[in-house]
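Asker: Structure provided below as structure tokens; questions to follow.
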Amino acid sequence: MEASWRQVAGGRGRSRGRATAAPSGNGVHLRGAGGGREKGSVGAVPSGTSPGGVATTAAAGSRHSPAGSQALQTTAASELMSQKKFEEIKKANQAAARKLVEEQFSSSSEEGDEDFEGKQGKILANTFITYTTQTDGDTRELERTKQYVNEAFQAGAMTCLICIASVKRNQAVWSCSGCFCIFHMPCIQKWAKDSQFLVSSVTDDDFGKKDCPWPCPKCRFEYKRSETPSRYYCYCGKVEDPPLDPWLVPHSCGQVCEREFKPPCGHKCLLLCHPGPCPPCPKMVTTTCYCKKAKPIPRRCSAKEWSCQLPCGQKLLCGQHKCENPCHAGSCQPCPRVSRQKCVCGKKVAERSCASPLWHCDQVCGKTLPCGNHTCEQVCHVGACGECPRSGKRFCPCQKSKFSLPCTEDVPTCGDSCDKVLECGIHRCSQRCHRGPCETCRQEVEKHCRCGKHTKRMPCHKPYLCETKCVKMRDCQKHQCRRKCCPGNCPPCDQNCGRTLGCRNHKCPSVCHRGSCYPCPETVDVKCNCGNTKVTVPCGRERTTRPPKCKEQCSRPPTCHHTSQEKHRCHFGSCPPCHQPCQKVLEKCGHLCPAPCHDQALIKQTGRHQPTGPWEQPSEPAFIQTALPCPPCQVPIPMECLGKHEVSPLPCHAVGPYSCKRVCGRILDCQNHTCMKECHKVTKTDGCTGKNKAGPECLHCEEGCSKSRPLGCLHPCILRCHPGECPPCVQMLRIKCHCKITSLYVECRKITTADVNEKNLLSCCKNQCPKELPCGHRCKEMCHPGECPFNCNQKVKLRCPCKRIKKELQCNKVRENQVSIECDTTCKEMKRKASEIKEAEAKAALEEEKRRQQAELEAFENRLKGRRKKNRKRDEVAVELSLWQKHKYYLISVCGVVVVVFAWYITHDVN
């Protein structure tokens, strides 16, 4: 059965798509299945309407018996149920639409958050399960790793510091191995490329080409050029382009991490592929203390170094005392004791730390050197003083002459020119050998300025700086050098960068530079409405980061008549509408209002300014909060319908006589149809009127008779709908006879009541059958059905094979091959003579052809021999003609006459 809304829309039966309404005496309008239906109507009548406008059922069988009425009532009940369900769904959809307009934060979001948190907890447990089994459930060492994993799950928690955009699950990323910060793959590739270009543009000119590293944008950890990321890998580096799996940590492969711990201990990480640093090694190893005195005990590999707290006892560097500190790692501390110690020269004694026994005083040695003339001028030192520095061979001041003199005499000058290179580095000293430094160079030379743009003649020792300012751009490529007489190696820019960072809140504090600025190092706390929950994000992300989901309960007072509002979490904006039952006492009936609280319902504002023309943009609809009155009471009260079909619960506000919208179903006077009116009141005028008997308010059947006709009769009953049997059909039928030539007119009742033989007689036209037999003669029978009988008695002529003898026989015997005519002796003699004549003609034709060919051959030979002389006689050949050649025409004509005479004689004799 179709749903009620589908039946209303399309209709069924003969009147589909046709709205019909039959006026009745009491003003009730009947609607067919194709017509419109009022809102709130129950069920659809699965019937059409007759041309007269009276409703009819879709099947005739359901009209004749009480079983049909029962089926109709069952259909109406099911349609009523479908219509009720449709109304319920419609109301639910309307309520959902109103709720979507009214609520800013629905409880479904909180349930979704709880589901997400539960799912996240399962993924975290699966990620850390292999680690927690090693640590007996202790997760204190996993806090830092948990923070990274939680940020990977939270939308907007992971931020690329280069583009200041959130990192999504389906984007290719790269993780720094130093600070474990996450960056977009295109961003970090561009960052590495720009960094290498900026460094290489400076170092290639000064130091030649070399492998330029590039730093991490956050921790400045340097990577080689070969370590520039080119492919997207998971956190552990095992899987390239890891697929997106909602049950795994984003950007992970789901396999065991197996990265080596830092510092390396020989073990590998047991967690599933994860972001952030690996936790400390949870393996158990047997190890001893630092001083090796205590017995080895099992400890975690990450905390395998331990102290037994006993005195160390190792001898210190002083060689006199032992270390008194508790068992410790590394070398022992210097000896803390103090003692009186001499300096290395032994002249002074002082109290000093025992850890530094060697020390120097500030006195000159003063010991007499081996020469006996001078004393040692070194400050307190260890060992012998050495030889006198003035002993042995010494050079003159210009280093050209060598002298062997006692240490008490000074080396004299040699008298030669000094010839030392002056401070200018170009000229040499022209004075004689002298003591002390050479004087400044005073020669005048053509000097170029430092930038190489100007020349000037001036003393060599004076520098020449022009006043031209350098216009080259500094390494920042923003500011000019502006230094006077710059040699080309412009100094780095000393101004502040001052560009606004990607966060749009701060400016770059670095020195002016090329390329992109480093990300803003500041962080900002994004808080919930109550401030109890916060999340720390990079500076600049606070404008696009959603506030964290606070699990605290909202503490705002209720705005409706209830004493307390429904519990819900902390949120921004106004609280969601109250959904508690109203529970106000209704004035009319005294029942409690069960509807949700409607003190602050959102109502679309009407009567606003209407645009005067198409040039004005229509304003958006505005909603205002207002208190609505309580809806009508919906407490169910049992009531019986007008037609006594059912007892249904009605809402309290609608208690009263009602129509159940079913079909009346009472049997009309025709005893064939039922009343198709909607449920209505029936008054009983006669005491014997039964419950199923139609009353004066029911319909009066105005349809034609729709009873089934006899087999073969296609004419409707000429009477209106009536009880009992229909009269016989007297319509004249036009039929073809068996031979399909003549049209006959017969009453319909004779055809429908006749048997096979009678029908054959009625269809016979009493004329000869016009059909041809297979032999070609016409059938001799009267108009008949079926195939014609094959009993042809017509006379046919039959001849012998030479066509000379002719006889007449019956057609059926000839077709049955019962009679045949053979040639006699006369026929054979005539055949023989005819064959002889043909042979003679063929022989004559052959001889004639031979003579013609002989004549052609002789003519050809004559042409080959050429012309003969005139006095020669031509050779003549006499050819004798045969008898046939001489008299052939005469013989042929005589033979023809003889054959004709003979044939005429034979034919005349046979007849």
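Even glycines carry a Cβ here, placed using N, Cα and C.
Note that the coordinates shown come from a computational prediction; the quantities given were computed from them, not determined experimentally.
Look at Swiss-Prot and you will find 822-873 tagged as coiled coil. Per Swiss-Prot, compositional bias 'Polar residues' is recorded for 67-76. Taken from Swiss-Prot, the feature phosphoserine applies to SER50, SER65, SER106, SER107, SER108, SER109. The feature region 'Disordered' is assigned by Swiss-Prot to 1-76. Summarising the annotation, Swiss-Prot assigns transmembrane segment to 889-906. Annotation source Swiss-Prot lists zinc finger at 160-220, 269-287, 322-341, 375-394, 428-447, 455-476, 480-499, 507-526, 674-702, 715-733, 777-796.
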Asker: Should anything in the same chain at least six residues away from the zinc finger (269-287) have a Cβ under 8 Å from its Cβ atoms, list it; otherwise answer none.
Answerer: 126-128, 130-131, 134-135, 141-142, 144-145, 147-149, 151-152, 175, 180, 182, 234-236, 238-239, 242, 248-249, 251-262, 296-306
Asker: So, do the zinc finger (160-220) and the zinc finger (428-447) meet, by the test of 3 or more Cβ pairs under 8 Å (sequence gap 6 or more)?
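Answerer: Judged by the Cβ rule, the two regions do not touch, with the required three close pairs absent.
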Asker: Under 8 angstroms for C-beta pairs, at least 3 of them, ignoring pairs fewer than 6 apart in sequence. Is the zinc finger (507-526) in contact with the zinc finger (777-796) by that rule?
Answerer: no
Asker: Who are the chain neighbours of the zinc finger (455-476) in space, where the CB to CB distance is under 8 Å and they lie at least 6 residues beyond its ends?
Answerer: 202, 422-424, 426-427, 440-449, 482-486, 488, 490-493, 495, 497, 512-514
Asker: Quickly jot the same-chain residues contacting the zinc finger (480-499) by Cβ under 8 Å, restricted to those at least six beyond its ends, or write none.
Answerer: 449-452, 465-474, 507-513, 517
Asker: Grab the pLDDT values for the zinc finger (480-499) and give me their mean, rounded.
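Answerer: Mean per-residue confidence for the zinc finger (480-499): 87 out of 100.
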Asker: Please count the residues of the zinc finger (480-499) that DSSP assigns to helix (H, G, I), strand (E, B) and coil.
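Answerer: Tallying H, G and I as helix, E and B as strand, the rest coil: 0 helix, 3 strand, 17 coil.
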Asker: Going along the chain, which residues at least six beyond the ends of the transmembrane segment (889-906) come within the CB cut-off of under 8 Å?
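Answerer: Residues packing against the transmembrane segment (889-906) from afar: 804, 826, 830, 833-834, 837.
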Asker: Tally the residues of the zinc finger (777-796) by DSSP class, grouping H, G and I as helix, E and B as strand, and everything else as coil.
Answerer: 0 helix, 4 strand, 16 coil
Asker: What is the three-state DSSP composition of the zinc finger (160-220), stated as helix, strand and coil residue counts?
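Answerer: Split into helix, strand and coil, the zinc finger (160-220) gives 23 helix, 11 strand, 27 coil.
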